[in-house]
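> One structure follows; several queries about it will come next.
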Amino acid sequence: MGSVLSSDSGKSAPPSATPRALERRGDPELPVTSFDCAVCLEVLHQPVRTRCGHVFCRSCIATSLKNNKWTCPYCRAYLPSEGVPATDVAKRMKSEYKNCAECDTLVCLGEMRAHIRTCQKYIDKYGPLQELGETAARCVCPFCQRELDEDSLLDHCITHHRSERRPVFCPLCRLIPDENPSSFSGSLIRHLQVSHTLFYDDFIDFNIIEEALIRRVLDRSLLEYVNQSNAT
């Protein structure tokens, strides 16, 4: 991985880092077990893993890619997209706790960004926390031509266009350089869920997924045993 979850995480942050990040820039190397984003140097928020294996906040990597011609801010590898949800990291953050560096309150890492938004000591020292790229990209719904934030498109389609079967182009694919905005007939919602929903942990119960995987392995083992028994 290439946030501070990477073993080579001692590189400095880009100029867009937050005030607190600028203060930390002299640190020799952040630990491998840290859950800090290598762009803003705050605790990861909605972590995303890029194709080159690095992990960043979703808003940080989105802004960085648009400002740096679609290259990884850490290793400069070309990235065709923001990446995929780092669900393993998000899951670990829900069970890890850390004291706020300013007020010393013990906070779950998954809630740390929400905490420092209201932490008066943090605000007094650095000002209100500003996420990179807080203004979401805009797109047009291909069914009704309504202008929406990209984050709102999926919910909008599920609410208003679930029964639509007209072939349409994906408006989010059009925002990505070199991406082919394929035409979808009756499956745009599924495409958005698979390709453009970065926070599966908001919609999926990890325990259910783990149980399903265990059942699948057991079923496969039983099937192999039966096949071997029949063969003999």
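Each Cβ is built from the backbone N, Cα and C atoms, and glycine gets one as well.
Pasting the relevant annotations from Swiss-Prot:
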REGION    1-27  region 'Disordered'
COMPBIAS  1-10  compositional bias 'Polar residues'
LIPID     G2  N-myristoyl glycine
BINDING   C37, C40, C57, C60  Zn(2+) 1 binding site
ZN_FING   37-76  zinc finger
BINDING   C52, H54, C72, C75  Zn(2+) 2 binding site
BINDING   C100, C103, H115, C119  Zn(2+) 3 binding site
ZN_FING   100-119  zinc finger
REGION    109-113  region 'Interaction with the RING-type zinc finger'
REGION    120-128  region 'Linker region'
REGION    210-224  region 'Required for interaction with ubiquitin and for autoubiquitination'
> I need the CA-to-CA distance for C52 (Zn(2+) 2 binding site) versus C37 (Zn(2+) 1 binding site), whole Å please.
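C37 (Zn(2+) 1 binding site) has its Cα 15 Å from the Cα of C52 (Zn(2+) 2 binding site).
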> Please report the number of other Cβ atoms within 10 Å of the Cβ of H54 (Zn(2+) 2 binding site).
28
> Measuring Cα to Cα, tell me the gap between C60 (Zn(2+) 1 binding site) and C72 (Zn(2+) 2 binding site) in whole angstrom.
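If we compare the Cα positions of C60 (Zn(2+) 1 binding site) and C72 (Zn(2+) 2 binding site), the gap is 11 Å.
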> From the DSSP assignment alone, can you count helix, strand and coil residues within the region 'Interaction with the RING-type zinc finger' (109-113)?
5 helix, 0 strand, 0 coil
> What is the one among the binding-site residues C37, C57, C72, C103 whose Cβ has the most other Cβ atoms less than or equal to 10 Å away?
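That would be C37, with the highest Cβ count within 10 Å.
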> Just give me the nearest neighbour of C37 (Zn(2+) 1 binding site) among the binding-site residues C72, C103, H115, C119, Cα to Cα.
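Given the candidates C72, C103, H115, C119, the nearest one is C72.
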> Give the distance between the Cα atoms of C57 (Zn(2+) 1 binding site) and C119 (Zn(2+) 3 binding site), rounded to the nearest whole Å.
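On Cα coordinates alone, these residues lie 20 Å apart.
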> So what's the mean pLDDT when you look at the zinc finger (37-76)?
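Computed over the zinc finger (37-76), the mean pLDDT is 85 on the 0 to 100 scale.
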> How big is the gap, in Å, between the Cα of H115 (Zn(2+) 3 binding site) and that of C72 (Zn(2+) 2 binding site), rounded to a whole number?
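Counting only the Cα atoms, the answer is 28 Å.
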> Cα-Cα, whole number of Å: C119 (Zn(2+) 3 binding site) versus H54 (Zn(2+) 2 binding site)?
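Between the Cα atoms of C119 (Zn(2+) 3 binding site) and H54 (Zn(2+) 2 binding site), the distance comes to 29 Å.
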> Considering Cα atoms only, can you say which of C40, H54, C72, C75 is the nearest neighbour of C100 (Zn(2+) 3 binding site) among these binding-site residues?
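When the Cα distances are compared, C40 comes out closest.
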> Among all the protein chains here, how many other CB atoms are within 10 A of the CB of H115 (Zn(2+) 3 binding site)?
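Around the Cβ of H115 (Zn(2+) 3 binding site), 18 other Cβ atoms lie within 10 Å.
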> Round to the nearest Å and give the CA-to-CA distance linking C103 (Zn(2+) 3 binding site) with C40 (Zn(2+) 1 binding site).
20
> Near C119 (Zn(2+) 3 binding site), how many other Cβ atoms are within 10 Å of its Cβ?
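Taking all protein chains shown, C119 (Zn(2+) 3 binding site) has 20 Cβ neighbours within 10 Å.
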